[in-house]
Amino acid sequence: MVDSSSGWPWENLGCFKYLLYGPFVAKVLYSRFHEEALNASTILCLHVLILCALRGLVHQLWSTYTNMLFLTRNRRILQQGVDFKQIDKEWDWDNFIILQALIAFMASYMSPFVENLPLWNLKGFIAVLTLHMAVSEPLYYWVHRHFHGNHHLFNLYHSFHHSSPVPQVFTAGNATFLEHLILTLIIGIPLLGASLMGYASISMIYGYVLVFDFLRCLGHCNVEVVPHQIFETIPFLRYLLYTPTYHSLHHTEMGTNFCLFMPLFDALWNTLNGKSWELHKSISSNQEKYGRVPDFVFLAHVVDVSAALHAPFVFRTFASLPFSTKIFLLPLWPGTLVVLLLMWAWSKTFVYSFYQLRGRLHQTWVVPRFGFQYFLPFATEGINKHIEQAILRADRLGVKVISLAALNKNEALNGGGTLFVNKHPDLRVRVVHGNTLTAAVILDDLPKDVEEVFLTGATSKLGRAIALYLCRKRVRVLMLTLSSERFEKIEKEAPVEFQSYLVQVTKYQAARNCKTWIVGKWITPREQSWAPPGTHFHQFVVPPILSFRRDCAYGELAAMKLPDDVEGLGCCEYTMGRGVVHACHAGGVVHLLEGWTHHEVGAIDVDRIDLVWEAALKHGLKPVNNQD
């Protein structure tokens, strides 16, 4: 039987839990439009709402900072990534804000001390600080230590907080109902005490609560931001303020470092971890070094303004789900456009995310350019310069494979990576476009008994490889192209006995009886209308075509699911599902796992399509678009 105090009263409400703020909002709005002046209780409701919003903002800003790997990767304490399981477990991290808002509202009706509070009272700050150090700190220490010392209490309550493998900002709020009731008491004692003394002020309440949250986030952020030099200059300060390293040791070695914010109490009662200061100095001193070198890099770019908000350092929970346009993000678009301009002017390629697979570190780097910029003629040189610099940086670091994503390997831009390999023939890092596996995924998705396909984008790198592969399998390929010269060039690459299976067509009407369309060039709803009912649109075009026909099936972009033993993966790759990556990304992973030493750039080697496919399956990657 589970104790009810280990769960939350509103845990089954989902996002509707925020309706609990409804009475506060309703009261403020009613008074605003129907009363001449705001009364004391309405002003209190307004302050509660503002304070809740600010508390959420404090946690969000901390989360944004700690997930900016281009700033924090060398300061991380625990190196493993945060996976989807931990993110889901911490999804309702803000329950405590709702709880404390409700308690504050109820307490205000029972207390005469909250009316007509001054904006500022210095005595109130002195009183709240004194009560915090004299009462809240030792009380928290002994309660926390008791939760660890009593197996029943730990297993039933506190183990939930410690179930997150990697401490994160949102881990601070991830605890049971009972624990947050106790924490509410600990926060409330200094505030109530200062109020009873008659020293309370609005700034004191805001300041204490927000600083309390700030320090909780500091301890759980997993990024060492406190320089060790400050403790060498003022040695006693280390007993007055903990560090992220200090509290991280509590999560990894749970028998030590129980304090709230002040290690003094661990020192007094002999529970201070002996490695605390040296480990802090070590991590703080190494922040200028690069850290662990990745084995594999996926070099991506920003898709558009909306997709830019899908980054883990914007909203971690949003990034852990497949991308879709959200209305609540629209107010952030203007700011994102400003960032776009700043990135265009000053930004360099940056580290975006990472995961580990079989002891190897995989990172995603992002070229600071949006998709539309790749089609601006004057931007081509600058984009190629960014890609080249990323490749040379990977080569200097000792990266084994760098895989070019989406438009970074555009044929018109750099010949599918050929430009860089030819310019730097002595590269140790293998440059890979991954399109061999992309072609394999598309081909595997076709019906096994297919006899005829209609192919748009037939003269592209992928279109050419798909056409040549299918004709060898005696599948008739209707290749939509207006250029007879390009068609004949591809036709000559096919063995003579199979050339008759390649058929040039110039109009969509030619495919009105073909139910298997492979779309490599964007087609309009009008062009889709020529497909017969029951047609399946397989596609490798970005962005995907509109799902216009209800009587037809639309395949997703070519993708594969990473092996089950992937670790620390906590963000989705654009519209892909959890654990699923674009096929070109997977192609780079296979290149690394196989230890291949060749570059995969330029035209796709049709003879290697089956080889790469079998290698992907051998290493545990799984197709996600299989036909039944």
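Cβ atoms are placed via backbone N, Cα and C, with glycine included.
Since this is a predicted model, take the numbers as computed values, not measurements.
According to TrEMBL, the protein has these features:
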type	residues	note
TRANSMEM	37-58	transmembrane segment
TRANSMEM	93-112	transmembrane segment
TRANSMEM	124-143	transmembrane segment
DOMAIN	130-271	domain 'Fatty acid hydroxylase'
TRANSMEM	181-206	transmembrane segment
TRANSMEM	296-315	transmembrane segment
TRANSMEM	327-346	transmembrane segment
DOMAIN	453-623	domain 'Very-long-chain aldehyde decarbonylase CER1-like C-terminal'
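Here the transmembrane segment (93-112) does not touch the transmembrane segment (124-143). Their Cβ atoms form fewer than 3 pairs under 8 Å, with each pair 6 or more residues apart. Contact between the transmembrane segment (181-206) and the transmembrane segment (37-58) is supported: at least 3 Cβ pairs lie under 8 Å, counting only residues 6 or more apart in sequence. A Cβ distance under 8 Å defines the sequence-distant neighbours of the transmembrane segment (37-58), meaning residues of its chain 6+ beyond its ends; these are 21, 23-25, 27-28, 31, 94, 97-98, 101, 104-105, 108-109, 114-116, 202, 205-206, 209-210, 213-214, 217.
Averaged across the domain 'Very-long-chain aldehyde decarbonylase CER1-like C-terminal' (453-623), pLDDT in this predicted model comes to 94. Secondary structure of the domain 'Fatty acid hydroxylase' (130-271) per DSSP, as helix, strand and coil residue counts: 100 helix, 1 strand, 41 coil.
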